[in-house]
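Here the structure comes first, spelled out in structure tokens, and everything after it is commentary.
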There are 2 protein chains.
Amino acid sequence: MQGLEVEEVLDVSPWRKWIAVQARIPGKEGKAVVLLEKKPFDVEDVKRMLAPNAGAEYKLDFQNAEYCVYNLQVPPALNAIKCDTIFPATDQQINKYRKDEIHVLWETVDIYKNVVLPFVEENERGRRIQWVHNILDGSAEQERIIYHNNDPRDGFVLLPDLKWDQTNVSNLYCLAIVNRKDLVCLRSLNDENLDLLQNIYHQGCGAILEKYGVTPDKLIVHIHYLPTFWHLHVHFLHVDLALSAGVTSKAHNLRDCIENIRLLPSYYQVKEMEVRLLEKSLLWKAWTEAKDAEAATQLQDGP
Amino acid sequence: MQGLEVEEVLDVSPWRKWIAVQARIPGKEGKAVVLLEKKPFDVEDVKRMLAPNAGAEYKLDFQNAEYCVYNLQVPPALNAIKCDTIFPATDQQINKYRKDEIHVLWETVDIYKNVVLPFVEENERGRRIQWVHNILDGSAEQERIIYHNNDPRDGFVLLPDLKWDQTNVSNLYCLAIVNRKDLVCLRSLNDENLDLLQNIYHQGCGAILEKYGVTPDKLIVHIHYLPTFWHLHVHFLHVDLALSAGVTSKAHNLRDCIENIRLLPSYYQVKEMEVRLLEKSLLWKAWTEAKDAEAATQLQDGP
């Protein structure tokens, strides 16, 4: 490849040092998506770039007593950039990387019952979770399973998340998926599920200690709400990963969930909850249509 | 500066593309701390580095159908690194950047009463929060205040956090500090504080909307437990910042706190809570000494 012409910035993350752009390749038909990400520091490269006579240039930006800030320019080979390209890219692929508006919303019990649950039953249940059933039914990924409690009511399967390459335990990411197919999410849980939740915490932590040598005081264990797929599952992350990247406000600590249900068995049926929705999600559409309908009804009824 | 010799890697964040090393400057006495961070992408630099004839080199790592991954080497000026140095650095400054072990622990009500609260009363109350009192008493930062509800029981002051430069609202970070000096943390809260918490949420969101034009559905509002300083305060973050960097498992959503207290007024007095402690923290020392004492007592008592 010789170069590209940037047409549109799709998204950018200053924190992660990442950018997505739509571009054209001169002389070729079709659009390209280009994803640039600065690479993490490699210790040997750092030694080489800082070494005297490495060809690095230090330009002083700021000085105060013992503190200096330099703009450091180093030889290109020591500071390469990861460059993913999709070419030719479809409009769908381009849209996938275009930043979407996110909304932080407050889900009342009525909204869950009248909007979210019907949406899940209609659009999500049984679809997009075939891979989960394949794992539970024994037809896929059996060699990846770390632990399986076969109890149909209080059992679960534990396996490494596909995002984790299993090489570095400080990036540990495992997933527990419950055997029962009727628990759709955090909202489904009550005191009948306490044994299940405790099994997941204790047996899951035990299996991770045995397999990877990571102790429970290094694990952040949580349930997402809203979840990405609607079959109850629990995330196990190494605290280093959780601190740097993996935990957001949609994470509900598993031991908190157990405590909440102990204190009030119907906690997750009566509590209002914060949720975050992307505008391009189908649930956002259902949610706003219901809000519009509600507003229209209220107008008809009069104040 | 001409270059450095790396002596020890103190800490590294692959996600943030950051590294801290201890180094020596050839020919000079004393140690240096060097903090390297890859810079976020600048759109104009990206256009220049991708442009044909920019002098960039694409080395193909991987290809599958329309997907290619390249190792991209670009001219140094388009891909500079931020380089902070401390020289000469004291051992204390070096230790500050050396990675510490973190532990995820489970705080029972007894541990809070017998270890955490006495530690706070002895070591934290009245110390290290003079800056908070200065703001509340009107002797500092008055020009930075966005909103002040003067009610001694249910009032608070809202101001931008020092971490935010107030230029880009997608990095918005504000802090609400309560007027009362007797509320040390989340554990202090019960149904007598519901008006205070609701004032903080509603008046805080209102003031941020008026001052910065950011709507409440773009805000993540939470209380840290354990907090960094022991005078009750609430964090307001733009959701973009919260998603990329700012929210960890120590964040307790403010509206969740209000709901929990509504459902059970003594919620934060009776609930067990997850906490994270660094080994170099004084509270970790108090916590482990108490655990040791407890273990010793149990041994004396016999099973």
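Count begins at 1; order follows the chain as displayed.
Quick reminder: no glycine exception, Cβ is built from N, Cα and C everywhere.
Nobody curates TrEMBL annotations by hand; they come from automatic prediction.
Note that the structure is a prediction, hence the values are computed from the model and not measured.
Database features (TrEMBL):
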type: ACT_SITE; residues: A:HIS233; note: active site, nucleophile
type: BINDING; residues: A:TRP131, A:GLU141, A:ASP161, A:LYS163, A:224-235; note: substrate binding site
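Following the DSSP three-state reduction, the secondary structure of A:TRP131 (substrate binding site) is helix. Cα spacing between A:LEU226 (substrate binding site) and A:HIS233 (active site, nucleophile): 12 Å, rounded to the nearest whole number. Same-chain residues at least 6 positions away in sequence with a Cβ under 8 Å from that of A:ASP161 (substrate binding site) are, in sequence order, A:TYR173, A:CYS174, A:LEU175, A:HIS235. In sequence order there is nothing to list, since none of the recorded positions A:ASP161, A:HIS224, A:THR228, A:TRP230, A:LEU232, A:HIS233 has a CB under 8 Å from a CB of chain B. When other Cβ atoms within 10 Å of the Cβ of A:LEU232 (substrate binding site) are tallied across all protein chains shown, the result is 25. In the three-state DSSP scheme, A:LEU232 (substrate binding site) is classed as coil. Residue density at A:HIS224 (substrate binding site): 17 other Cβ atoms are found within 10 A of its Cβ, drawing on all protein chains shown.
In this structure, A:LEU226 is the one among the binding-site residues A:LEU226, A:VAL234 with the smallest number of other Cβ atoms inside 10 Å of its Cβ. Of all the binding-site residues listed (A:TRP131, A:TRP230), A:TRP131 has the fewest other CB atoms within 10 A of its CB. On a Cα basis, the residue listed as 'active site, nucleophile' lies 13 Å away from A:TRP131 (substrate binding site). Using a 10 Å radius centred on the Cβ of A:THR228 (substrate binding site) and all shown protein chains, the other Cβ atoms total 8.
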